[in-house]
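> According to TrEMBL, the feature transmembrane segment maps to B:32-55, B:81-103, B:115-137, B:149-173, B:205-226, B:259-280. The domain 'ABC transmembrane type-1' annotation in TrEMBL covers B:77-280.
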Amino acid sequence: MSIEIDQVNKRFGDFVAVDNVSLSLNDGELTALLGPSGSGKTTLLRIIAGLEQPDSGRIRFHGQDTTDLHVSDRGVGFVFQHYALFKHMSVFENVAYGLTVKPRSQRPSKAEIRRKVMHLLEMVQLDWTADRLPSQLSGGQRQRIALARALAVEPRVLLLDEPFGALDAKVRAELRRWLRRLHDEIHVTSVFVTHDQEEALEVSDRVVVMNKGRVEQDGSPEEVYDNPANPFVYEFLGNVNLFHARVQDGVARIGNLNLSAPEYAGQRESRALAYVRPHDIEVLGERREDALHAQIELVSVVGPTVRLELRTDNSENVVQAELSKHRYRELGLVQGGDAWIRPVNSRVFLEDGELQAG
Amino acid sequence: MDANPDANARDHFEVNMSTATRKRRVIPGFGLTMGFSLLYLGFIFLIPVGGLLLYTSMMSWEDFWRAVSHPQVVASYKLSFSASLIGASINLVFGALVAWVLVRYSFPGKKVVDALVDLPFALPTAVAGIALVTLYASTGWVGQYLTIFGIKVAYTQLGVVVALTYIGLPFVVRTVQPVLEDLEAEREEASASLGASRFTTVRRVILPSLLPALLTGYALAFARAVGEYGSVVFISGNMPYRTEITPLLIVAKAEQYDYPGAAAIGTVMLIAAFLLLLLINGLQWWTQRRGL
């Protein structure tokens with residue numbers, strides 16, 4: 001079931017939550033809506049679900065306009081951040097709820113409900129909890145029950161609002177891998193909201209980066225990570241170093257460094273910012289003409305990788321670099337010592353106000 | 001009265017009690033506060049009630065039975081308890097409705113309505129009784145229209161129910177309100193997204209969550225109604241066998257210096273009310289075990 005979002009707008013008073021968003025989500029895909037808080041991602045999800053009405057714009061499921069359809073008729077499965085399980089019902093009753101509230105003519109028989117619920121509970125590996133109350137389960141278990149409950153009604157689309165947001169890091173990592181595998185099995189068109197870029201990159205087929213109610217970029221996880229469309233996406237997806245640079249005719253200069261920036265061929269001299277990821281900074285132990293001198297201010301070893309904080313001669317900002325422990329030992333670097341750094345991969349954006357003349 | 005004491009908290013409490021002799025408490029003051037509570041309850045509640053029971057126990061069984069089983073007294077029990085139950089039941093439904101409106105909707109004058117709910121607490125019950133009579137007497141503002149339909153309120157058993165409903169109103173509203181405020185909208189949204197109609201959501205998700213609070217409010221409204229005197233004596237007309245409530249009989253007996261008789265009837269009321277409250281609390285305990 002594909003989802004089409006057509007020029008959707010939503011305001012809350014003066015606050016523009018969703019600003020003219022158009023998206024089309026493909027059948028069977030798992031899409032992540034990624035953005036900082038207040039970026040409108042949850043509002044957009046709730047509009048798709050029918051829990052919120054857009055001020056203007058249409059929502060279509062597989063071509064059928066569902067904008068005015070009530071949430072209970074829309075055929076969506078919705079998973080909430082805080083599970084929203086029915087506390088007074090057993091796990092079994094929770095999962096069966098969607099089936100038992102169907103009109104009598106469409107309601108499956110008791111035996112059929114039992115078979116289906118137990119099948120779902122097995123799928124989320126919690127069939128042994130059927131007779132327990134939600135309060136007797138851990139957070140991760142509750143969220144899996146919430147997912148089983150949403151799937152019980154065979155929704156046309158599955159919507160998850162920060163599904164792992166309330167869980168601790170380990171359970172979170174486990175659950176998102178599990179969700180990925182589950183999605184590969186059942187292939188229901190799914191959208192999930194997250195502010196965690198790692199989660200979005202790991203789980204989804206497609207990432208939609210949102211900011212201030214607008215879509216900043218939309219593409220595969222690899223695409224948005226490797227080719228961020230703009231400085232916002234660059235900064236939001238992982239750590240990044242900023243270098244002040246001057247761009248002229250396809251070359252960006254940082255001090256005595258020249259970086260190639262072919263997209264600005266023919267550009268007259270303008271101020272720009274070069275974005276470089278920490279792992280795209282090559283650290284050298286010896287002086288080289290095409291590298292910047294810097295002092296190592298802090299060394300922190302995080303498992304197999306070493307993170308360095310360096311200060312270049314002409315920079316106010318600290319530069320972060322990442323290298324393997326092996327390489328770090330090889331170079332013989334020490335805290336407080338000298339190093340030379342060289343961006344091996346960078347992306348240059350003109351500073352605001354600098355015209356991008358062709 | 002706590003609307004929803006956590007069963008777990010109780011268990012912890014018991015564990016603490018058993019280790020209290022060996023372990024210093026992290027938060028001190030248990031001895032002091034417990035001692036004060038017992039003393040306070042003793043003076044305010046246990047001694048008067050104990051005195052009543054003691055006084056009654058000095059009667060011979062025959063005298064006691066004669067006093068409490070007189071047909072006039074039995075008729076008053078029936079009226080007192082049935083009118084109290086009806087009044088509390090009316091408050092259960094409409095109090096829940098008032099709480100719902102106050103929590104879920106915003107409208108001009110909401111704060112005023114919210115404050116009005118407590119008025120039956122503040123207004124002297126005699127004033128309330130007189131006001132109700134003035135309204136519901138067959139010549140009163142409301143009563144004259146009800147008379148057209150043949151409904152008489154003042155000086156009938158219906159009048160007793162009206163008075164007992166009036167004084168019990170705040171209880172259900174005030175117990176349900178905070179629980180309703182804490183009820184997450186997400187649960188209702190989850191129910192709706194699973195295909196449930198609004199009515200089904202209310203019946204299967206909201207009401208079960210409110211049940212303990214509703215029962216507490218019901219118990220409080222009932223208890224208050226059983227003991228009510230001031231407002232009822234004005235509107236009921238106090239006709240023997242018909243509109244006499246038990247507290248009125250007790251006062252009447254006391255005024256005739258028949259203290260043993262008054263104490264005997266008081267004891268019966270005390271025991272009956274206690275048993276009914278125990279039953280309601282038992283219901284509440286049962287719903288809590290269901291994890292509400």
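In case you wondered, yes, glycine gets a Cβ from its N, Cα and C as well.
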> The transmembrane segment (B:32-55) and the transmembrane segment (B:259-280): do they have three or more Cβ pairs under 8 Å, with pairs 6 or more apart in sequence?
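These two segments touch.
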> Thinking of Cβ pairs under 8 Å, which stretch from B:32-55, B:81-103, B:115-137, B:149-173 has the most of them with the transmembrane segment (B:205-226)?
B:81-103
> Can you name the far-off residues of the same chain, 6+ from the ends of the transmembrane segment (B:32-55), with a Cβ under 8 Å from a Cβ of it?
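Non-local partners: 259-260, 263, 266-267, 270.
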